[in-house]
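J.: Sharing a structure here in structure tokens format.
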Ligand SMILES: *[C@@H]1O[C@H](CO)[C@@H](O)[C@H](O)[C@H]1NC(C)=O
């Protein structure tokens, strides 16, 4: 922690420890239920449970909040001491693990102002920032970065692809007081730039001058027909001619077969339509460019990044296939601290997590092979190839059993965040 404090102090040119506004790693058993509030806005929100999942790097450290029911809305939030990011960097970070091999579901956080009523949180609750991955079929696999600006939710203009595998990934959003931002996945930068350029918060700086108009005599043709060029006199030749080599067959009977005519062939001297030579247009002025003027509607806003209050973080989302695990939430003013915390959490267990999953797959494969062999030895039919899906079957069964009790609501609503 000492190095981190020093680095942040250096960056901020002030002797300050990194401020940690919120941190949650679910390391105290059921105690999280006293820190997180489930919304009562609807009666059938999906349940989160504490779990490290089917495979993990560390059975304790990797415990996080897992969505446990398919085709549900989820609405859970935790609050913290309100703060403003005035003149400060803001970092929002958390990990997401789609161990269920997700087909459709949100996995983003919303960070709310102090005005949020946690027990009433729902899709319409006004947030400051929405950030994180969202998957729905192959076309939608993106990281949302939405800012509420003067009451309107504004989505980033760039496309940031999210991870769609089954491992834990670290998502980080950095918003700086110089109105720049950075998005990182697994502690590597995937996007960055300026808030003004990458979101349509403000009207454009320049517009086309409404007074300007292309002059009537503006010549935009780079080439013209050569006026000196004329069609040669012998140009015109018929396209088809009677075949000069054809001869009337000896047994041709004019009475029976009619008058003999040679077959028609393509004329080798036919030159096609005559076109004059092209020359450079002496009056060519280039493409007319509409002159631009300063947009009178535009006013710079040096505080695009700024919010008066942040006071709660929420998981307000929709999942078709549940099983996503959220963990290692961090909200801080220090980029370096967030990076280090990411290393200590996601970074420390990711390799062991991968190893455990690969071992499980290997065991599964061996088991399958043995079963196939047994069936073959017993003289049964050749078993069908059944790859990959096996590890899901069990989880699916559990989910379905849970679902059956209250399966009256089969309609799958679509979720439009904007
Ligand atoms: C985080 O880990 C990466 C990779 O090991 C390393 O390069 C980086 O310096 C670490 N960051 C911090 C702040 O410790």
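Cβ coordinates are placed from backbone N, Cα and C, and glycine is handled just like the others.
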J.: From 297, 300, 316, 335, grab the residue that TrEMBL records in the same alpha-D-glucoside site as 108, 110, 127, 134.
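T.: Same alpha-D-glucoside site in TrEMBL: 316.
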J.: Looking only at the compositional bias 'Basic and acidic residues' (206-250), how are its residues distributed among DSSP helix, strand and coil?
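T.: Helix (H, G, I), strand (E, B), coil: 0 helix, 9 strand, 36 coil.
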J.: Through the lens of DSSP with three states only, how would you label residue 136 (disulfide bond)?
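T.: Assignment for residue 136 (disulfide bond) reads strand.
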J.: For residue 136 (disulfide bond), which residues in the same chain are close in space, meaning a Cβ under 8 Å from its Cβ, but six or more apart along the sequence?
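T.: For residue 136 (disulfide bond), the qualifying residues are 103, 104, 105, 320.
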J.: Under the DSSP assignment, what numbers of helix, strand and coil residues are found in the compositional bias 'Basic and acidic residues' (350-378)?
T.: 28 helix, 0 strand, 1 coil
